[in-house]
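J.: Mind having a look at this structure? Questions to follow.
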């Protein structure tokens with residue numbers, strides 16, 4: 001091994017990658033000097049309300065409201081009487097916690113007041129804090145923005161925190177926690193180290209290519225590193241749609257011939273009367289949507305008009321809209337009447353909808369289909385077997401609820417395939433921004449492979465590394481940061 005190559009690789013590994021926000025010039029420019037305060041718990045009456053401060057005057061705020069000459073022990077709750085700093089009027093008996101920086105959420109001196117949650121108490125304490133010199137009300141997301149500015153959170157971790165606050169299903173919560181714990185940031189840091197190593201090899205060859213002591217195969221080693229990284233990035237980009245579906249919800253469309261029980265199924269899955277149920281065919285004429293938590297996954301569930309021909313103009317428009325919605329579906333629940341499988345409408349649905357979808361579903365990227373035979377409670381035990389060849393299906397009765405457990409288990413499997421399973425596998429890309437920067441990194445690696453000059457190849461690797469840097473928050477523009485932090489509430 002060439003005597004200087006390992007040293008060069010080590011030096012490059014410690015070069016200003018700026019993957020962590022605390023090393024980023026743009027993050028440093030965000031570090032504020034003022035002290036902020038806000039109600040961090042929910043609005044309205046509650047047993048306990050949490051009011052927090054962050055900034056250099058937090059200690060002054062604590063002394064002003066408690067008359068303490070010295071702060072209490074760090075990170076230990078102490079019961080204190082709060083008084084207005086101007087009038088001395090008692091406000092509340094409160095638990096106070098002192099978090100000296102940099103060992104705090106924001107990296108600054110912080111105080112938390114755990115007060116009784118009545119509106120008058122909360123209002124009184126906020127007014128008292130507003131009278132302390134150097135304190136001002138916080139803006140939306142400002143506490144988290146300060147944590148980012150002080151390197152406590154990377155940008156992907158900030159997004160994970162925002163997703164955790166908005167999470168409505170178990171799958172969303174699991175994914176948000178993984179991102180908040182830094183799994184995506186750590187993955188990007190690993191990729192960046194690979195790029196740094198490859199760049200060190202290329203730059204070593206540029207600087208010492210004619211040195212007899214340079215180890216043979218240096219460029220080949222760089223090529224191997226880049227090819228392995230291209231495979232990893234390509235795999236994550238192919239799965240990017242899953243992460244976005246986990247964040248926004250999978251499109252599940254219920255379809256079938258008239259009177260098969262589609263609306264009953266939608267009402268059963270959503271556990272509320274979304275659709276009108278009637279024995280009259282063609283009752284549903286428009287697409288009805290409702291957000292649902294199915295098996296822990298977010299879903300946009302759509303009820304559609306029964307598919308048939310030769311009906312009035314209004315219903316025909318409903319059929320057209322139903323077919324259009326089918327094209328947008330991630331998962332299709334095809335519903336047939338188990339007691340009427342030989343009817344022309346059932347046979348037509350099998351031929352024109354189910355068979356093409358099954359052929360398409362052989363492709364892993366195609367739409368997914370679950371065929372359901374509803375009204376199984378109407379089947380007689382002594383009835384002759386149906387001679388129609390049916391694809392794999394589930395028996396179901398929306399009337400009695402029979403078969404619902406099997407349906408929910410099958411839906412869980414299909415939804416995990418569409419949205420990804422946040423309990424296993426690598427972290428998902430939940431934002432378009434993630435996909436954009438990873439694609440930019442992959443494009444730069446493509447330029448590296450095509451480069452005819454080593455200087456251009458090295459610049460392509462630097463550009464790839466910059467894209468990873470932007471993903472985790474280094475060198476991010478103010479506009480992008482503003483867009484991300486505006487999703488937070490005041491006090492977070």
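Every residue gets a Cβ built from N, Cα and C, even glycine.
Straight out of Swiss-Prot:
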type	residues	note
TRANSIT	1-20	transit peptide
BINDING	52, 112, 152, 492	5,10-methylenetetrahydrofolate binding site
DOMAIN	249-416	domain 'TrmE-type G'
BINDING	256-263, 282-286, 303-306, 374-377	GTP binding site
BINDING	259	K(+) binding site
BINDING	263, 284	Mg(2+) binding site
J.: When you tally the Cβ atoms that lie within 10 Å of each candidate's Cβ, which of the binding-site residues (52, 152, 262, 375) has the highest tally?
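T.: Of 52, 152, 262, 375, the one with the most crowded Cβ is 262.
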J.: Given the binding-site residues 256, 263, 284, 305, 375, state which is nearest to residue 112 (5,10-methylenetetrahydrofolate binding site) when distance is taken between Cα atoms.
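T.: In terms of Cα distance, residue 112 (5,10-methylenetetrahydrofolate binding site) lies closest to 263.
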J.: Across all the protein chains here, work out how many other Cβ atoms are within 10 Å of the Cβ of residue 286 (GTP binding site).
T.: 13
J.: Expressed to the nearest Å, what is the distance separating residue 263 (Mg(2+) binding site) and residue 152 (5,10-methylenetetrahydrofolate binding site) at their Cα atoms?
T.: 49
J.: Return one of helix, strand or coil for residue 284 (Mg(2+) binding site), based on DSSP.
T.: coil
J.: Which three-state DSSP class does residue 52 (5,10-methylenetetrahydrofolate binding site) fall into?
T.: strand
J.: Between 0 and 100, where does the mean pLDDT of the domain 'TrmE-type G' (249-416) sit?
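T.: The predicted confidence over the domain 'TrmE-type G' (249-416), as a mean pLDDT, is 85.
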J.: Of the binding-site residues listed here (256, 259, 262, 305), which is spatially closest to residue 52 (5,10-methylenetetrahydrofolate binding site) when Cα positions are compared?
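T.: The answer is 262.
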